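Scroll down for the structure; my scribbles are underneath it.
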Amino acid sequence: MKFIVKLYPEIMMKSKSVRSRFTKMLETNIRNVLKKVDEDAKVQRQWDRIMVRVPADRPELVDAFAERLGCIPGIAHVVQVNEYTFDSVDHIYQQVLPLYREQLAGKTFCVRVKRTGQHDFKSIEVERYVGGGLNQHTDAVGVKLKNPDLTINLEIDHEKLYMVVRRIEGLGGFPMATQEDVLSLISGGFDSGVSSFQFIKKGARTHYCFFNLGGSQHEIGVKQVAYHLWKTYGESHKVKFISVPFEGVVQEILERIDNGQMGVILKRVMMRAATLLADKYGIQALVTGESLGQVSSQTLTNLNVIDRCTDLLILRPLIAMDKQDIINQSRIIGTEDFAKSIPEYCGVISQKPTVKAVLSKIEAEELKFSENLIENIVAQAKVIDIKDIAIEMDNQIAAAEAETVVAVDTQEVVIDIRAQEEEEKNPLSLPGKTVMTIPFFKLSTQFADLDKSVTYLLYCERGVMSKLQALYLIEQGYTNVKVYRP
């Protein structure tokens with residue numbers, strides 16, 4: 001079994017040297033991701049495609065490979081194929097017939113052929129010969145070239161024949177790390193998750209900067225979003241998660257700054273702090289989830305004033321998107337449920353926020369801050385490799401005395417906290433045990449209604465979400481919660 005990875009068309013349009021560099025990077029990225037599934041994954045680069053071979057004795061890897069290939073930037077689509085050899089057009093037909101005889105019963109069909117290499121026949125000749133043979137020797141209704149019930153896709157590569165089993169759409173975009181690094185200001189909401197994804201897709205290694213306004217619970221929620229984005233779409237590369245304690249900044253703004261200027265000044269302080277971090281780690285640009293007119297600080301005038309506080313490039317990929325379009329995109333990339341579960345933390349709320357800030361007034365207000373305020377908070381920032389979030393959760397759970405168990409006692413109840421789509425795709429089966437389903441984004445509100453005399457075991461497939469949720473509940477004072485890792 002093989003996967004043929006087709007490059008995104010924009011890569012194919014590049015010059016020979018750039019195309020070669022992008023293809024090499026994509027090959028490396030695919031190998032880095034798939035080796036986390038199977039150390040023996042075979043990845044081979046060709047000029048216009050990348051071949052991935054699934055070990056013959058490991059058919060269970062097919063779906064896992066397909067899922068991950070569909071989430072790697074730079075891929076237009078992937079076709080899963082069975083590989084054969086042939087010595088004539090009739091030989092091709094003889095191999096196709098037994099595979100499709102039953103599937104064609106009562107259906108219209110057509111045959112499509114893509115061909116690479118020198119042959120004594122044309123692609124259309126193969127289509128006609130194979131299609132005519134199938135039409136005569138099966139119970140098919142007939143050939144239909146437009147909108148058939150079944151399309152038989154064949155690829156001929158020199159002396160090899162590939163029969164397409166299925167097609168997986170890719171992300172598109174450019175391979176990770178073909179563009180320079182960016183630092184995404186992430187809050188855990190709909191906007192910052194989608195804006196981060198846009199730059200991952202565009203091939204920029206995306207690091208995360210979180211300004212903590214809402215305490216440890218807020219940080220736990222934001223880490224869930226960042227970890228999901230990295231694990232799903234950017235796992236081929238290491239990235240940083242930076243948490244900056246911002247409570248002191250909020251306090252000074254509330255105590256010292258004119259009410260109407262608070263929102264713009266808060267954003268300027270964030271940009272200055274993020275700029276210092278970006279300079280420290282050699283990052284080329286900041287990314288925000290701002291959208292024009294969505295809130296008072298996001299008018300053109302205010303965005304211009306915010307930009308004046310730094311020489312670093314500030315990128316706003318969502319600037320012209322409607323809120324519903326952003327939410328729809330978050331649903332596609334899997335961050336919608338996370339965003340729903342994170343409250344809006346507005347540490348700075350102006351009663352009459354300005355929509356036309358004046359730079360001179362803003363700068364005069366900023367003189368009221370304590371000396372070296374921004375430098376001091378940046379010095380307190382915590383920087384971790386994002387892959388270590390799972391390890392960090394283990395340590396925090398141990399410190400909080402929350403157990404991780406591998407078996408379920410009869411008196412314990414398992415709560416499957418996966419999103420509905422994941423739970424339906426791969427249901428948790430524990431014969432003789434009680435299993436409840438509460439999606440993680442509803443757990444914080446529904447857990448209080450559960451029987452406090454019962455011990456609940458939180459379950460998710462990777463174990464990260466269950467640990468994060470257990471930490472959150474323990475911090476809320478619950479002691480009847482554990483993590484279930486079978």
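For all residues, glycine too, the Cβ spot is worked out from N, Cα and C.
Gly289 is the only one of Gly260, Gly289 that Swiss-Prot places in the ATP site (with Leu185, Ile186, Lys267, Gln298). The Cβ of Gly289 (ATP binding site) has Leu185, Ser187, Gly189, Phe190, Asp191, Ser192, Gly193, Val194, Ser195, Ser196, Arg316, Leu318, Ile326 as same-chain neighbours under 8 Å, each 6 or more residues away in sequence. In the three-state DSSP reading, Leu185 (ATP binding site) counts as strand. The Cβ of Cys460 (disulfide bond) has 23 other Cβ atoms within 10 Å, all protein chains considered.
Within 10 Å of its Cβ, the residue among the binding-site residues Leu185, Ile186 with the fewest other Cβ atoms is Leu185. The average pLDDT computed for the domain 'THUMP' (63-167) is 96.
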